[in-house]
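Written below as structure tokens is the structure these notes are about.
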Amino acid sequence: MINVRIINTSSHPLPAYATAGSSGMDLRASITSPIQLQPLERSLVPTGLFIELPIGYEAQVRPRSGLAIKQGITCLNTPGTIDADYRGEIKVILINLSNEEQTIMPGDRIAQMVVQQVEQVSWVEVESLSSTERNAGGFGHTGKS
Ligand SMILES: O=c1ccn([C@H]2C[C@H](O)[C@@H](COP(=O)(O)OP(=O)(O)OP(=O)(O)O)O2)c(=O)[nH]1
Ligand SMILES: [Mg+2]
């Protein structure tokens, strides 16, 4: 557990882990009126949350499986990346992939946020890379069954 500074300008409680073993905390729509999403329509939905992650951490904004299977709603840019140095409002890019209009209500839990450690790398530019069993094989190279 790490302490993370947060400002909550929404009228909803802080995101919380639903169970002891949850990876993510659900994010709620901080909106005053419903958002109607037509098929394939997308919307940038505010959460009212501003966070200060320590350097070496990121937050990922991920879809909720329940919304995906029941309503065809997902995050367009999944996983969304919240950089450690971002001080703006966390927003969620939702898209309606169903063939019906879908409605987001104020306070709906629209996505989940996972905080993780992340490495930055320093490039070592070379002319060749080491050999492996896989080498350049990919994109189905090992078969399906
Ligand atoms: O789902 C998301 C994704 C991003 N962000 C915020 C936090 C993140 O630190 C910033 C930039 O995100 P990203 O790097 O994905 O977007 P970009 O298009 O590369 O914008 P920028 O040039 O500002 O980095 O936008 C969100 O609030 N929600
Ligand atoms: Mg960026």
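Even glycines carry a Cβ here, placed using N, Cα and C.
Curation plays no part in TrEMBL annotations; they are all automatic predictions.
Following the DSSP three-state reduction, the secondary structure of Gly66 (substrate binding site) is helix. The substrate binding site annotation in TrEMBL covers Arg64, Ser65, Gly66, Asn77, Thr81, Ile82, Asp83.
Mean pLDDT of the predicted structure over the domain 'dUTPase-like' (13-143): 98. Look at TrEMBL and you will find 13-143 tagged as domain 'dUTPase-like'.
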Query - Nonlocal neighbours by CB distance (under 8 Å) for Asp83 (substrate binding site), same chain, sequence gap 6 or more - result: Leu53, Glu58
Report summary line: Within the same chain, the residues at least 6 apart in sequence whose Cβ is under 8 angstroms from that of Asn77 (substrate binding site) are Ile93
**Report entry** Maximum Cα-Cα separation (Å), residues Arg64, Ser65, Gly66, Asn77, Thr81, Ile82, Asp83 listed as binding substrate
**Finding:** 26
